[in-house]
Amino acid sequence: MTTSTRLGNKPNKYAVTNISISDKPNLNGDWLNIFILLLLYTLQGLQLGLTSAIPILLQSNKNVTYQDQAVFSLVMWPYTLKLLWAPLVDAIYLKRIGRRKSWLIPVQYIMGSFFLYIANDINDLLPETGKPNIGKLVYVFFVATFLVATQDIIVDGWALTMLKKNNVGYASMCNTTGLAIGSMIGSVWFTLLTSKDFCNKYVRAKPETEGIVTMEQLLYVWGIIFMFITTLIAIFKSEKDCSLEDDHVELDTFQNYRLLWDICKLPSIQIFAMALLTVKVGFAATDSVSPLKLIDAGVSKDDMMLINTSIILAKIILPLVIARYTSGPKPMSIYLKATLIKLLWNIAFIMLIYYTPKLININGQINIPIYYYVILVIILSIQEILNYTMFVALLAFYSKISDPRFGGTYMTLLNTLSNLGNAWSSLTVLGIVDLLTFKECSFDSKNNCSSPDLQNRCITDGGECVVTVNGYYIEMVLCTIFGILWYGIFKNILKNLQMKCPSQWLVNYAKQPITKNVFTVTVT
């Protein structure tokens, strides 16, 4: 099967040559590039980890609702919408600096500056007492996520040309390992090292009134590190000039957006998009609601972060192990196997959340036994292994099917589809969990505690609002059923997609005079 594009009767000199997706990888000469990609993805994970820690801190505050959590989840939408400006990142650059470095250097300097800004305002954003300013939190972290989403576009595109073509499958390993390290620093360290309870219990011999570092100090250090690493890359890392390659195509901004539309018209992309937009529904309640339910039940935020720290080594090493298999020609087969296991693992979370109050409450006091921590670590560890297996496999598939000439746009489109599937499903389950939960006053069965006034009336009368139907369990059952149906529909479809000829994923650009700007896609 071949792909060809013609202008009149002349063969198009910009036609894409078939690129094998089954060449064996060989990292000789690419080790430094692997390290640089790991470093860049670690910086990305630092900000994402900080953002992921905020819902845990909010829930432990006890002054926020699940609707507040749903509102804060909007801060991740720039990651979902980054496709809107990805063509700009691909098209506009200074040639003497490099296509990717032209954007990477200023964006990462701004990200470093933004950490310094957040450091000055963190006590107002996350006060120790009182209700946090959700609106301001959303605004600040929305901008921060916009910056890191732009950095992701740049690095994803650069990975396709920084590595040799037969090594691009390792880009997913760099992505996942770097994000794991960065997320650990951004979420776990931010939460634990600034927590007086954790530091007094596990670090200090003599109790003090705050953590070993303050949030401001940690954020200042991160901002400085961002700027230092960016300076080193700006000075010492040169960028490959892809314009010297035979199949290079230079596109302006408008042409990049036209290119994006032509990619979306590819039949293979359309089918793949439907799978990516719906797959996360099966795990939405498990991933988004379960950690918050554990905190509601009495597991502290420090314990949650400490458990995440205990399994961080697996997060770092696992992508290195999985890369051996996902760098081959069939990464989606591994993805499907992990998907099915993760759907079945939803049952473990249902049982965990149900029995947690019974296991950790003794005579009305929170007293968590050691065996509960063992159970929790096992369940969360298996969940993380499945998450990372799916993530590495999916990114490996993206790297193999993406056209390196349009890497930033192509990779961003695929990541956007996956992020959009995660964003809408997460927002939905967080937003409706309270609506699916039914309560009743312990002293008045006619009072359903459906409003603040009814809840206050129940408490004033000496009662409490007791949950009769927990919306979490309804969501878990519905999500699991949907996920199993999804697996039955898309199993063979995805297996067939990974076996398609590389030309099925490529868009050929017929270069026209500047006044016409014509794109054509012909698959025969």
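Heads up, the Cβ atoms here are built off N, Cα and C, so glycines get one too.
Annotated in TrEMBL:
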TRANSMEM  34-58  transmembrane segment
TRANSMEM  70-91  transmembrane segment
TRANSMEM  103-119  transmembrane segment
TRANSMEM  139-161  transmembrane segment
TRANSMEM  168-192  transmembrane segment
TRANSMEM  219-236  transmembrane segment
TRANSMEM  266-285  transmembrane segment
TRANSMEM  305-322  transmembrane segment
TRANSMEM  334-355  transmembrane segment
TRANSMEM  370-398  transmembrane segment
TRANSMEM  410-433  transmembrane segment
TRANSMEM  472-490  transmembrane segment
> Taking contact to mean three or more C-beta pairs under 8 angstroms, with sequence separation of 6 or more, is the transmembrane segment (103-119) in contact with the transmembrane segment (334-355)?
Replying inline: no
>> For the transmembrane segment (472-490), give me same-chain residues lying six or more residues beyond its boundaries with a C-beta closer than 8 angstroms to one of its C-beta atoms, as numbers and ranges.
In response: 275, 278-279, 281-286, 289-290, 293, 336, 339-340, 343, 346-347, 349-350, 353-354, 429, 432-433, 436-437
> Is the transmembrane segment (219-236) packed against any residues at least 6 beyond its ends, judged by a Cβ distance under 8 Å, and which are they?
Replying inline: 36, 39-40, 43, 46, 101, 104-105, 108-109, 111-116, 118-119, 122, 186
>> Using Cβ atoms and a strict cutoff of less than 8 Å, what residues sit near the transmembrane segment (139-161) while being 6 or more residues removed from its termini?
In response: 37, 40-41, 43-44, 47-48, 50-51, 54, 72, 74-79, 81-82, 85-86, 89-90, 99-100, 103-104, 107-108, 110-111, 114, 118, 121, 125, 168, 171, 174-175, 239-240, 242, 399, 402, 404, 407-409, 411-412, 415
> What same-chain residues lie close to the transmembrane segment (70-91): Cβ under 8 Å, and 6 or more beyond its ends?
Replying inline: 51, 54-55, 58, 99, 103, 134, 137-138, 141-142, 144-146, 148-150, 152-154, 157, 251-253, 255-257, 259-260, 288, 406-409, 412-413, 415-416, 419-420, 422-423, 426-427, 430-431
>> Which sequence-distant residues neighbour the transmembrane segment (334-355)? Criterion: at least 6 residues beyond either end, Cβ under 8 Å.
In response: 279, 282-283, 285-286, 290, 293-294, 297, 322, 325-326, 375-376, 379, 382-383, 386-387, 389-390, 393-394, 397, 472-473, 476, 479-480, 483-484, 487, 491, 494-495
